[in-house]
Every structure is written in structure tokens, then in C-alpha cells.
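Participant: Take a look at this one; I'll ask things after.
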Amino acid sequence: MSQLKVTGITRRFGGLVAVDALDLTVEKGAIHGIIGPNGAGKTTLFSMISGTLAVSGGRIEFEGRDVTGLPPHRTVSLGMVRTFQRSAVFHHFTVVENLLLGTHLLARPTVLGSLFGSHRRFTSADLEAAEEILCFIGLADYRDAAAETLPLGHQRSLGIGIALAAKPKLLMLDEPAAGMNRTESEALMQLIRDVRDRMGATVLLVEHDMQTVMGLCERITVLNFGRKLAEGRPAEIAADSAVIEAYLGLDEDAQAVAAHA
Amino acid sequence: MLEVRDLIVDYDKTEVVRGISFEIKKGEIVSLIGANGAGKTTTLRTLTGLKRARSGSVLLEGQAIQGLPAHRIAGLGLAHVPEGRGIFPFMTVPENLEMGGYLNRDKASFRRNLETVFERFPVLRRRQHQLAGSMSGGEQQMLAIGRALMGNPKLLVLDEPSLGLSPVMCQEIVRVLTELRAAGRTIILVEQNARMALRLADRAYVLDRGRIVLQGRGRDLLDNPNVRTAYLGLATAVSAPASPA
Amino acid sequence: MAVERLAARATARPAARRNVRHWPLLLAAVTAILAFAAPFVLPTYQTELIILFLMNLVLVVSYRLITTTGDWGLAHVVMMGAGGYSAALMAKGLDLPVWLTVPLAGFVAAAVAGLISVPLLRTRAFGYFIASFALGELLRLFWIRLDVPFGGIRGIINIPEGELFGHSLFETIPYYFFALFVAFVCVGIMYLLDRSRLGMTWKALYSDPALAECVGIDVTHYRRSAFMIGSGFAGVAGAMLAHRMGAIDPKNFDLITMLYLIIWVVVGGTQSFWGAMVGLLAMTFVFELTRPLLEWRPLIFGVVLIFFLIFVPGGIESLVGRLRGWIGLLKRDAS
Amino acid sequence: MDLATFVQTFANAVISSSIYALVAVGLALSFGVMKMANFAHGEFFMAGAYVVYVLYAIAGHPFILAVLCAVPIVALMGLAAERLIFRPTRDNLLAGFMATAGLSFILQVLAGRIWGVGLMKRVPTPIMGAVDFAGAHIGSQRLVILPVAILTLVALWLFLNRTRQGKALRAAAQKPEAAALQGIDLNRMSALAMTIAGASAGLAGALMAPVTPVTPYMGHSVILMAFVVVVLGGMASIQGAMIAAVILGFVITFCTTLFDGVIATMVGVGLMALVLVVRPQGLMGRETV
Amino acid sequence: EDTLDIGFNAPLSGPAAGWGLPGLTGINLLVDRINAEGGLDVGGKRYKLVVHQFDNEYTPSKALQGARQLVLEHNVKIILDVGGSTGDAQLPFLTEHKVFYAPEATADINPKRPYIISGADYFPRGEMMRMAYISQMYPQAKRYAVVSQQDATSLVGQAWEVGAAKAVGFDVVYDEFYAPDTTDFAPVVTAILATKPDIVSLSISWPDFIPLLMEQLYQQGFKGIVAANYIEPEQALQRVPADWLQQVKAIDSYPLFDDPWWGDPSAQHDFAAKWNARYGAGGPEDLKRPMNGIDWLYTPMLQAYLASVQKAGSVDPDKVLAAFRSLDTISTIEGPTAVTGEEMWGEKNMISPLVPNNEFRADCNCKRVQSLTRFETWFAAHKDAVIAEVRRRNQMWDQRQ
Ligand SMILES: Nc1ncnc2c1ncn2[C@@H]1O[C@H](COP(=O)(O)OP(=O)(O)OP(=O)(O)O)[C@@H](O)[C@H]1O
Ligand SMILES: Nc1ncnc2c1ncn2[C@@H]1O[C@H](COP(=O)(O)OP(=O)(O)OP(=O)(O)O)[C@@H](O)[C@H]1O
Ligand SMILES: CC(C)C[C@H](N)C(=O)O
Ligand SMILES: [Mg+2]
Ligand SMILES: [Mg+2]
């Protein structure tokens, strides 16, 4: 069953067409990768799906529901949560506070609630959930550290943790492995698999690190100039000549020839 | 020509460059490669004075330049083509080039340089009356490199010239860099596109989380299995499609 | 930048309980005793000064509440004016008693804030700063222009001071206790909000608006709620002012007054709940001490403002953090 | 409105537009170009007027000489503000803005203490009389402002677009880091911008001294309108500021004649609020760079 | 030694300082003279006069704060101020504490606030007398335009002035206010001249604005009559030629105290001489300046208060008030003065010296008193018409609550 269905989605910036009438279907429970050269429109695509960027055309359906143009806080409440390409955590807060902020949706604090009711403080259920995610992302040791002091790799995990706190049905990760070394990205791959297997969330992943993408994804879509260049299983993609030409790179010798032309 | 010793750079106490040393000899192309966030840009920014180092030294022809403001370092002959090109979007192509020759008050040599740049990048001559911001990415990259050449730099510092460029454009950049090397320019090249960088470089350094983990001749690194696994992704991906869970 | 660990308090942690500190309670008790004794031992004039201080306290704390979302505006004293005008009109025109006009004025100010937030919240940062100034000025120009019901340039005079439990609030001591009560309630409510999940959400907006949006926080909604609540309390302060002065006019709420408010906040700092209050206290002292210097006073305030912005950008509260750091260093050296 | 009144109002509007342009152009340069929002711009204007008051009205030197002195004196004040306030607060627009609000207090008090707050300072009209033009009467003194404003604006435009320093200034505004990499000294550029801003504010104040109330507080009404012009014009654009000055000059003048000054101000400020909301980048502003 | 404390709670800084600050000169002159004579003799007891000042910045809340400080800390018996919105703020407090309030202008008088002594300013009696004077001297002038800045006081002043103008038969063709922060008066004057007036009254426009308005009137070709509450010819002459000023008469109500009209010797010449010796031509180099209309403006009210204290033989406020209201004449720097005001303000708290009408004269480049008019006489004959207009504009004391 398809969980996310994007049809004919387009985004223009002035004269530039960043995403060009793109169709994309993501199956429920899949780990789906999106790759493509810099500027192919991957981040733009994410931004449109999550509602941070208006679409110039096309339609986005989530679990059968039209979500085109919904603002981000609405798409999040439907269960579509994204992370950012840059590392994004609430710098001024501690790690556990970051996770608690992620549970915002489960509470939606109101004025009266904050004064007299349940939003005065975090419930034990919230705390438990936060602690659970804390362990899940392996940051239990950093519980009360200020987020800004975490090493980059941990900040990224925290970013994913914040997203997980909102109990997503579809988790959209933008280059989560960027800046990670092999060990870290191996751990990340495990974490992402766990998210799918244990939390039951669908994962949509943008990543330049081929090892991560090829190792993790069941299906990969390749974008180029805002259009779909290829789609298929990792092995098919790795062998696709169009993909090699546009993204993975020309044959070494061919490039050498080009360099000396 | 340029020597970097034990450079440490941080942002708000997070060290991102953790004590690196390297050198560039006259007439060489030296590449720095490394993953996203490895500290390549930060290193370059420190060389050209956009960022202050916590400690360490940078010597240009024996003269210490660390801690000088960027405009002074530019005056010493370092030309930096920054990440994202940094062209002046609301100025025309000649105006942008004029800024590249800002420190060169000699009209005649300015004209000569302008002519050379136009000859090297004929596309810029064709775009003369256009605002730089409205040109395509590749053209903008040409402009940025051309602008850097306007000041007759001793050392050209290029940060990801292929960023956001289509393969065709990348090849164009490769052509230009090859030509520049042939003309005897000294260049530091930072690239995400490790394959391209290693191919062009006489020597290369591999940066991982702020440290230099490997160095050597470009060709040698290209064949290094560790490099192939870590930075050329493709090799392992093709050979081992589905890595075990 | 001093970072406040708010959730550390909002989350009931056993560790924190075991380690109960006594001095805050003690401080509160001493303050309470002083507050009750003050009007009986101090000369009337000093008591009047404290009344003024209490009104300003509500004003400054409510301004700080809005700034926790990252929105620094120039309309806050105009919102105070909205409260002042509505209290005046309700007391004069509708003969409403004080205990009604003051809270109602708060609601009216909040409603006005809700109205102008529609265009205002489309802007951010410097745009917000200038737009809030423009919209506030527009409101003030309405008061200036409309003789009915705002009394035009002349403002509203003979505002009943009202009475409470048979005491005329015209007298200094009853009004003092009234002001004390109102300030206590207002500051208390804002304190609770600051510590609540709502307060945390506001601060998250300041920390990273884009990320906040992506964890499902409706940024505009929460910016608006902070703006309306902050403005509401400013309105309460305005109502208190109107009843105390017996007359208000558009000049009470002009840019100069707003700049003084900003000075309090900048001097104190906005990171912690107490910073702005400390700033107000410090500047009130400076204000009274420099009374003999009369015509030089704005200059002194200008110098203080520049000094803090350049040398102590975090305000007095940031000094506390630095002091702790130094003390910590000393202790470590000593041991 | 009969024809004679219309013609007269039109003439008034032309003059008042040129005044707005002259006052706002320095602000547009420092704020729009170098991101220094100078709240004390109005007080710089006041300082220009006071120089004329001191040199011309009190000391009896020729008016032209007083105006020529006002320009460098206020330019120096701009330079000082850049050094002492904007440089330390460079990456915080708001802090610089608030700090210059403090500066405006300081300058007001100083002017008041040195020359008295009392009644308005008397600055005699250097060129008495009026010129009749197509049925409109315009005071000769005001008429001087028109060519000076046009000349100043043209000179500034030429400077920015034709000279090496002017282009460097634009470059520094568009991409500060890239500019530094070309050898452009950013400190020098912002000092230059504030010097020019000070000079033009001083010039405007000096020229206006004989036609507007000269008091330590005269900057207040100037700064509001100057910001309206700059924001309306799109914060990064000198041309935008000029167009906005003309729009505002006409709107305010006609509203004042038709209704009254308060309504005129309301319309002016309301126009700016509307523009901020509908087109936050201003009339001539560009999309984010 | 007993002291009698006097509060000067007026704008000493800020844009309105011009109305307050200079007033200290006249007050100091008067107080020093009395103290030099050994203090104020009240029923045989001598009081030393002490002046305490507070800068209210012409802001209501500050004014109330000042009143509280002056009364509660310094025990002042009378507070001098400009009046208007600052008066509204402090009067409930002052009334409660039975402290006298002395605003220059009379509009603060109201039966609910009995402890007021006001009226040194000719406002708004001068405004009415100018209308009377013009209609009598220049009967061909018919079309009348009036404008002043939009503030609390001018709303009242213009109401009485327009009432008088209608009562003497002028056609009111223009009757508006301009914003107090106006920097460009050209459009204001264009709007006025569009109505083709014979008389343009600048009413109680601030002294600062008068020359700027005149300059525009001159430049835009006005040739009728110009009138205003207070004109400084010296200032006007820096902007318009003397023959134009003569042509438009430039009529105002503030006299010069060195005007030969007063005769020699006279209290007025005496005051002018003493003031000039201390603050004017004879004063210290860095301070000296010409005397203006605010310098002496607070002294008549203080003189009235002191005279009432002496008559009451006590500083008890109620006795002083009773004495004040029963005084036949008080001698002030403006000349002998009666106490009136019931019909205009509902209460008899206004001192009412004779109102001068001055015109500009090119021969001396100065203004000269043309007539001294007794307001009460004229008002008795015209009050119904005038009051009707004031009522129509909701500016009677009982309407301004
Ligand atoms: N706000 C914007 N204004 C103008 N152009 C934009 C904007 N955002 C993105 N673009 C352009 O749209 C194109 C697609 O950008 P996008 O960020 O989606 O690429 P990407 O595939 O995520 O690249 P990368 O791999 O580098 O992250 C690029 O050419 C980019 O320059
Ligand atoms: N202005 C900044 N403030 C704080 N941290 C920064 C800043 N700029 C970069 N960093 C951090 O410093 C580290 C190194 O960044 P740098 O840009 O030097 O890497 P890079 O190797 O150039 O990466 P890329 O390939 O993405 O260009 C990263 O972790 C990044 O998040
Ligand atoms: C009403 C008064 C305070 C005005 C005074 N007559 C003046 O001209 O300044
Ligand atoms: Mg991207
Ligand atoms: Mg980089």
C-alpha cells in the first residue's frame, strides 16, 4: 500500500525549475532513498512534502489524504516529520528538553493548561517517552548536556530523536549521514532500521553517502534537474548507465579524456 | 610557498579543525578532500583570514599571515573562490571582475587582465551586460574564478568549484583548472567530488573530522582502497550492493 | 549566553528534590515582610514610587515574555496604552468598578494585540521591529485624532480612582496594596507560564523557528499567543496607571517611554525570568539617584544603554553567570 | 481643490519630496547598504542645523560657509558612530539600532545643555522672498533645496556606480565576505558609508535650518519619516528610497492640505505598514539575495 | 526661620521646555527680591520663600510624580506649571492635599478644583479681545481663518476665539488644527489660503511655529491681517520683511515691558530693567538673551498667591482661597488685576489683567501696545454668542470631564 503519493509536483524559483513535474510513490513500511546530484531538487522536494515550501504545482497525498500546501505543523500532526540537511537541534536546551519539545504535538500546550492543567509540567508519560528515545538514539549519557555542546554526530542523532518524539508515521531524513565517519554511519543505519522495524515508521531518505544508501534502502529514486532519472532497487540503480553518467560519475578513463580535452 | 602548521580552529568551542599541517609548493595543485563537515571549508577560510584560528601558524613564503584580516591577506596574493562562489549578484560581469582587481590600481594591467580573463572564459564576454546573479551556476563559477585571477594571485584557493554543477559543467571546470596548472599557477582545491580532485591534484590530503588521515600523490590516493571505500563510495557500492544488517 | 534550564525545573526530578535549597524561600519571606511593612514605614512619596515600580514591573515582565519568542517590538507601551484607555473608558463611561476594569483592560489590550498581530506577524526580526513601531504609532495616532471616545490629544481626564472593600484607592496605602496584589498575581501568572510547556514552546521558537515548525509547533500561533498574553499584561499595567494618574493621554505611550522600557530590559537581560526585573530595579535606582541631575538624565540613560549593548550584551543577569564561573574557578584553585 | 491650490500643493509636494529624499538617502545608504540602522540619523540632521545656527545665526558667517562646515562636522559624527557603536555591534542589527537610540538621547541632551532647550533657535532666512512659478509661490530658500537634493542624489549615484570605492561599497554590501576576499576592507567601507550618511544628514539639516523649527528634538519627526521612506523604498535600494521619498512627499503634502497633518502621518505610516506586510522587501527591494 | 515652599513643576527639558524653563527667571527675580526684603510678611511673621523645581517633561505621569514629591517631601503650598494635561494628572492629588495650582492658562479652572490661581497668560481672553479689536479697527475684513497646533489647550482656546469671531460678525472660513510635530508648514498655509481669508489668526500656535507660519503666509502671497496670541517680532523679522509685517499688522496680546505705553516710572519698566540687568543685556555673557513672554509669565500668579496669603494672614489653604476670591485688585507685573472667571470656567479663580492689543510697527521694528482693553466689559455684552459656540464644541468646563 502506498503511504505517500506525489503526482506532478513542481517548484520554480524565478526562472529555475528546481522540481519538475515529479511523480513519486513511497510504500508503507519502506526505506526509500532519494539521490541525485547537488541541486537536483531533493531538499526542495522534502520541503514541499513537509509544507515548509509552497508547491508551484502538483499534488501530494499522504495515506490517501490530500496534504498539498498544508503548513508544516499540520503535516507533522498527520505524522510526516522531517529533519534538516544542516544539523538542527534547539541549541539552547538540554538533550532531554529537546526530546520533550519533540513531544509538542502530543500536548499542544494551551494557556489555561499551562496555568492550571496538564501543561504546567511534563507528565511522567512524556518523560518516559523522552527517556526511551534517549536510549534509542544512544544519548542517555548526555541527558542533561546542552545540545550546542554535543559533537556533530550526536547532534544529528538528536535531530532524528526530536523527530521520533513526535511519533512519526513517515520520517523524512535529509542527509543524516553527512559528516559522519564509517562507524557513525553504520550506527546510524542500524538506528534507521530500528525506526522502521520497531517503530513501524516509513523512512524517506536523502543521502549522498552511497554506502549508506545502497546498504539501507529497498528502493531508490534518482533525481536530476528536478526530474526522475531512474528508480529501482539499489543494484539496478548502481548499474544504470544514465545514473552513472549523471551522478555516480563517468567511467574513470572517460573522465580522464574529458579532463584533457 | 604556503605552509600550515598545527592549525586548530573552532566554532564556539567546538573544534572542527584539530591540528592539521600541510604545505603547497609553487606550481602545484594540492587537493583537500573529505566528507561533508570534515573541516575543509573551515581550513580554507582560516587560510584567507575569514576565520580566526585558535592556534597554529600559516606561512606564506615564510611570512606568518595567520590573524591578519581577510583584505590584508588578499593583498598578499591569496585569491579565494569561496564555497557558493560569492559573486556580487547585483553587479555586472565587468563590475565583478573590477572588484577582483580592486587592489590593482594600475589601469593598464587591469585592462590586460580583463582581456586575459575574457579570452579564457569567452562566455563571460558574451554575458558582459548581465547582472551576475542572473547567470547560470556554471557561468557564475567561471566568473568567480575569473575574478580571482584578476589580481594576479600567487595562490588560488578554490572551495568546491564543482558544487551544484552538472557533469558537463564539471568537465568545463576541470578543463579550466588543467589549463591553469599548465600556465604554472599554484592552486589549493577543495572538492567533495573526490574523484575529480584526486585526478587533478599533484598531491592531496584527506581530511576526516578535522584531522589529516592520509596524504600522498593524487593518483596514488585514487587507488588507495581506504579512499575508495570512504570517499569514492561507488567502488564498494557496486561491488557489495546490499551490505548485511 | 546564559542558558536557562527551564525544563530541568518543569520536569520533576528526584535529584532536584533531594537537594532543596532554602535561600529562595527565605528570600521570598523577607521580601513579603518588607512588602507588607513598606507603606507603613516609608514616607508617602517613597510608597508612591513603589507603586510606580510595581506597574513598571508588570510592564517589563510582560515585555520580556514576548521577547522569549525572539520578537523584539516597539509597540509594547502602546499596548499598555490600549489597556489604560479601555480602563479609563470603562470606569468613566460604564461606571465599572476597579476590580472589573483592570482585568477587562487586560483582555481588551490582548484583543487589540490579536488584531494587529495579523499583519505584524508576517514580519520578522528587524522588519518586525519597524512594523511594530509603525502599527503602534498608527494606534496612537487614532487616539490623537479621535476626540470621541479617546479625548484626542487631550486624552481622558477625571478617571475615577475607584474603591475596593470600602477603601478609596485614591489613598496611597490602599492603592499600594491593590498594586502589590495585581503585580503579584500578574508576575506570578507569567512566572508559571514561563516555566510551563507553553513557555518552553515560546523559547523553542526563539531557538530555532524552522525546526520548531517541523516538530509541529504552529509558529505563528505561538508567536501570537505570546504577543497577546504579553500585551494583555501590559494592558493591566496601563489600567493601573490610568487609575493612579486619573488622566492619560497619547503622550504617555510614546516612543521615549518605549525606549526607557527597552533600557530596563537591556540592562537586566532577557534570558532568565528575573533579568528584566533586576534591570528595572537597577534603573529605577539610577533614575531616582540622578534626580538632581535633571536635564542630564536622558544622557545618562543613553550612555548606560550603549554601555550595556556593547560591553554587557547579556545584561546584568549574564554577570551572575560569569560571577559563578569566576567563583567556581577560585574555589577550584583554592582546593 | 481649485486649480491654483492644486498647483501650489503640487509645488509644495515637489519641494517636500526633495527634502525627504535628501534626509533619507544617507539612512538608505547606511541602513540599506551596510545594515547599520542609525536611530540617531535625526539627531545628525539636528546637528547639521545647529552648525548653521552657531556659525551663521550666532557668529554671523555667510550661510553657504555654515552649510559647507556642517557637512564635514556631521560626517565626522557619522564616522564616530560607526567606530564606537556599529563596529562593536556589527552582527546584531537590533543592538546597533538600540544603541544609536541611546546616542540620540545623548546628542539631544548635549544640544540642549550647550545651546539651551528654550524657545526655538533663531536662524534667519538667508534668501528671503518667493519665486512665482506657473501660479505657485515657492519660498526662494526652499527652492535652493531642490537642486541641492538632485545634485546630491546624482552625485551619490555616480559615486556608487562609477567609482572604484563606490563599487567596492556596493560589493561589500552584497557579499561582505567575498568583498573582503578581493581586498576590500569592510571596516573602511562601513566607515565610508556612515561618513557619507553623516555628511548627507548634516547637509539636509543645514539647508533645513532656516525653514524648520530648530530645537534639540527636531530629529524626532525626521527619523520616523526617514525610516518610512527607507522601508517603503525597499531597504537595500537608493533608487527605491528616492521613489519612496517622492511618493511620500506627495501623499503627505496632499493629505495635509486636504485633511490634516495627523491624517497625513497616519496615511504615511499606514502605507509603510501595508507595504511591510504585503511586500516585506519594500517597493524596490529585491528578493533575498 | 519659617519657609514658604513653592513648587515649580514644569517642563524643564524636552520639547515643551520653552514653556517652563524660562519662567524660572521671573520667579527667581521675584522671590529673591522678597527674600532680600527679609521675607514675606504674613501678619507680622516673616516667611522665607524657597523654590523647588521638578522637571515634569510635560508628561502627565511625570507631573503627578512631581506633585507628589514636591508636596510630600518639600511641603510646597503652591505649584506653578504650564497646565493642560499635566494639570489634569496632578489636580486630584493637589486638591485633596489643598495645594494651590497655578497654570499659566486658565482652562484648568473647574469648580471641582477650587485651589487654582490662573490667568497670567492672556489665553483665551486675548484671543477674544483681538477679534473685537480687529472688527473695530478694520471693519472691511470679513473672512476669518484660524489655525493652531493640535493640543489640549488650543482646543479650548480656539473654541473661545471662534466664538468671539462669530459674535463680532466674521465669516469663519477656515477653522482647523495642525499636528504639533509639523516640520513643513507650506501645505498647511496652502490649505488656509485656498479659503481666501482677510484675517489669518494663528491663535495660540506655539511661539516657535509663528515665524514659520508667517514665512509661508508671506511667501504664498498673503496680504490681509495676521493675528496671534504671541509674536516675537525680532524672530519674525528674520524670515519676513518688515514692510510686510507692517502691512499685515501682526497683532498679538503679549506686551513688551519696555514699551513707552506703560509710562515712566512704572512697575513694568522696573521689571524689564531688573530682568535685563540679571539675565538680559547686563547678564553673564554665557546666559544673556532677550526677554521673552514666558520669562515673566509665572510671576503674576505667584504675586496673586502671596497677596492672598498676606491678606489672609495665614498660609491655611482655605483662608488663602477665601482671601484670593475677595481681593478687589491685585497688583502684578501685568498691572492691577481683578479676580473673575465664573462665567467662563464655573468658578472665580482667574486673575484678569487688562488685555493689550499690539501691532507691529516698521519704524521701530517692534510691536507697540495700541490699546488696553477690559475683557469683562466686552464679554458681558457678547457672552451668550461666545458661550454658545464653546458649548457647541464641547469645550465648556462642564463638558470637559
Ligand atoms: N530559496 C531558493 N531560491 C532560489 N533557488 C533555490 C532556492 N532553494 C533552492 N533553490 C535552487 O533549487 C535547486 C534545487 O535545490 P535543492 O536544495 O533542492 O537541491 P538538493 O538536491 O537538495 O541538493 P544538495 O544535494 O546540494 O542538497 C538548486 O539549483 C537551488 O539553487
Ligand atoms: N559558522 C559555523 N558555526 C558553527 N559551526 C560551523 C560553522 N561553519 C561550519 N561549522 C561546522 O564546522 C564543521 C566543519 O565545517 P566545514 O564547512 O569546514 O566542512 P567542509 O569539510 O567544508 O564540509 P562541506 O563538504 O559540507 O563543505 C562542520 O561540523 C560544521 O557544522
Ligand atoms: C496656552 C499657553 C501655555 C501658551 C502660551 N500662551 C504660549 O504662547 O506659550
Ligand atoms: Mg539538499
Ligand atoms: Mg565546505
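Cβ from N, Cα, C; glycine included.
Unlike curated entries, TrEMBL annotations are predicted automatically.
For reference, TrEMBL lists these features for the protein:
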type	residues	note
TRANSMEM	C:23-43	transmembrane segment
TRANSMEM	C:49-66	transmembrane segment
TRANSMEM	C:73-91	transmembrane segment
TRANSMEM	C:97-118	transmembrane segment
TRANSMEM	C:125-144	transmembrane segment
TRANSMEM	C:173-193	transmembrane segment
TRANSMEM	C:226-246	transmembrane segment
TRANSMEM	C:258-287	transmembrane segment
TRANSMEM	C:299-316	transmembrane segment
Participant: Are there 3 or more C-beta pairs under 8 Å linking the transmembrane segment (C:125-144) with the transmembrane segment (C:173-193), counting only pairs at least 6 apart in sequence?
Facilitator: no
Participant: Taking contact to mean 3 or more CB pairs closer than 8 A (sequence separation of 6 or more), are the transmembrane segment (C:49-66) and the transmembrane segment (C:258-287) in contact?
Facilitator: yes
Participant: The transmembrane segment (C:97-118): which same-chain residues, six or more beyond its ends, come within Cβ distance under 8 Å?
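Facilitator: Same-chain residues near the transmembrane segment (C:97-118) but 6 or more away: 75, 79-80, 82-84, 86-87, 90-91, 135, 139, 161-164, 169, 178, 182, 223-224, 227-236, 238-240, 242-243.
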Participant: Counting CB pairs under 8 Å, which listed stretch among C:23-43, C:73-91, C:125-144, C:258-287, C:299-316 touches the transmembrane segment (C:226-246) the most?
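Facilitator: Ranking C:23-43, C:73-91, C:125-144, C:258-287, C:299-316 by Cβ pairs under 8 Å to the transmembrane segment (C:226-246) puts C:73-91 first.
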Participant: Count, for each of C:23-43, C:73-91, C:125-144, the Cβ pairs lying under 8 Å from the transmembrane segment (C:258-287), and report the range with the highest count.
Facilitator: C:73-91
Participant: At a C-beta cut-off of under 8 Å, are there same-chain residues at least 6 beyond the transmembrane segment (C:73-91) that contact it? List them, or none.
Facilitator: 59, 62-63, 66, 98, 100-102, 104-106, 108-109, 112-113, 116, 120, 128-130, 132-133, 135-137, 139-140, 143, 149-150, 156, 159-160, 162, 227, 230-232, 234-239, 241-243, 248, 250, 252-255, 257-258, 261
